[in-house]
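Here is the structure we will look at.
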Amino acid sequence: RQRALLCAVLLAAWEAVWGQLRYSVPEEMPKGSFVGDVAKDLGLQMSEMSDRGVRVVTEGRAQYFSLKGKTGHLVTAERIDREQLCESVQQCVLRCELIVEGEMKFYEIEVEIVDINDNPPSFQEAETELRMSETTTPGSRFHLPDAHDPDSGRNSLQSYELSGDEHFSLAVQAGPGGDQRPELVLAKALDREEAAFHELVLRARDGGDPARTGTARIRVTVVDANDNAPVFSQAEYTVRVPEDVPVGSILVTVTATDADEGLNGLVKYSFKKKKTSSQIFHLESETGTITLGRSLDFEQGDVYELDLQAYDGGALYDTAKVVITVTDINDNAPEISVRSALSEISEDAPSGTVVALLYVQDRDSGANGEVRCSLDKDIPFRLQSSQGNYYSVVTARELDREQVSEYNVTVRAADGGSPSLQSSAVLALRVLDVNDNAPVFLEERYSARVAENNAAGALVLTVRATDADWGQNARVRYRLAEGRVRGAPLSSYVESGAIRTVCPLDFEEKNKYIFGLEATDGGGLTDHCEVHIDITDENDNAPEI
């Protein structure tokens, strides 16, 4: 390849018509590479060139070419990148002037920078995700991301290829400007239960020799449709329980599965018929757990049959039977009654606050009727004996919602029998937030750079402050310090943590902005940070003579 480039340089075309020379040279050639024999093309002797004062002048700051005085050759002054100079121009031509001071003459020189295939096609995003329903009709089309290749001609983007699986194919449409627009075509019907995801690779290829390629991963997520009914793990469940099983005890958990997902795969349970047995037993609709709703008595009933059904979000269902056999035991377990209970408590409630009032009894007598109550360890609650068989659940210390926001306080009761019988009750308590945490910025100082002449509304920087509280107390609002830019108040430059411009900025007018930013939560607590924004200069002013 280097030999081919060298031949192209040695055979560079030139012409001298009306005082103008024209050459061509490939891009990316090293500094000092030969462009053209200026002395020969103009018919100048080397002695004459030194006597007459010949030099190369280029308008602008960059000097891309120089003249070797000993040979009279025009050579590159630095490595030239065509895409950097002429990204949006098909033919890239650089111009300079050869001044012969002794003859008071000048010659225009045009050098065409010839493209080489030094850039592969690339996608803006390396991975793209598409969502398709499993009922999508084959033949449906979906837009795919375009690739970009800054090279020109045959070295630019030429074609797309798709690899992955048989469910998809690739179609390429021509855009209004002749650009290629890839589309994903569904070739075979989807089945989420067979494959929930499809991984594809979109490859873009240019026309260089050798060709360069760029790839993007396409992940297709198949969205579920309700095409499967729930199925119980068993057609009949059997369980044996003693008559003294505590109220609220879990007797059995039925399970039904649905191959669908989301709402279509969400299974709920219910009794098929409302019998007397459904009043004795409780079925948790979300989990399929059957618990005892009231005390059993072997003398009143020894076998219960429950007809259940499981249904999904699309009304498809399955049925099963549960047979519960009661065994006879001549004793009674303690009973815990929650007479009054709080469902919510503020985190700043003082120690000793009553959260529940319990009534505990055992229908047995003597030692078997003596009940002992307890709570789990390592929780901020304690039991306090009241008059008679009443107990109070009170706070043992102050609560902190940021550490624990909910408690399931289990109260246990055990009698003095041998073996001891026990029962339990669970108190669900939610801790309410108070505004005891101020917002905190992720950084004490934020910095950003933005070019001048930007469009109004352009995003400059996003700041963020977090608040450990909850709800309104954790809702953070942002406010800039007072000040104005081109007549617009600074306070209008930020919304939801995003700092935006409200008008174009001018580097020559002001090249740096420093201001404070305040974050305030719903309870009035605040935090502050400092924002530094540097305005970078653009070449938006012409030279003045």
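Residue numbering: from 1, along the chain as shown.
The backbone N, Cα and C atoms fix where each Cβ goes, glycine too.
What you see is a predicted model, and the numbers here were worked out from it, not measured in a lab.
According to TrEMBL, the feature signal peptide maps to 1-19.
Positions annotated as domain 'Cadherin' by TrEMBL: 64-123 (among others).
If you look up TrEMBL, you'll see 124-232 (among others) marked as domain 'Cadherin'.
The region 'Disordered' annotation in TrEMBL covers 132-159. Away from its own ends, the region 'Disordered' (132-159) comes close to residues 82-83, 87, 90, 115-125, 170-172, 179-192, 202, 204-208, 211-212, 214, 216, 218, 220-225, 227 of its chain (Cβ-Cβ under 8 Å, at least six residues beyond either end).
Taking DSSP states H, G and I as helix and E and B as strand, the compositional bias 'Basic and acidic residues' (143-152) has 0 helix, 3 strand, 7 coil. Taken from TrEMBL, the feature compositional bias 'Basic and acidic residues' covers 143-152.
The domain 'Cadherin' annotation in TrEMBL covers 233-336 (among others). In this model, the domain 'Cadherin' (233-336) carries an average pLDDT of 86.
The domain 'Cadherin' annotation in TrEMBL covers 344-441 (among others).
According to TrEMBL, the feature domain 'Cadherin' maps to 442-545 (among others). For the domain 'Cadherin' (442-545), the DSSP counts in helix, strand and coil order read 8 helix, 46 strand, 50 coil.
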DSSP-wise, what's the residue breakdown of the domain 'Cadherin' (233-336) into helix, strand and coil?
8 helix, 46 strand, 50 coil
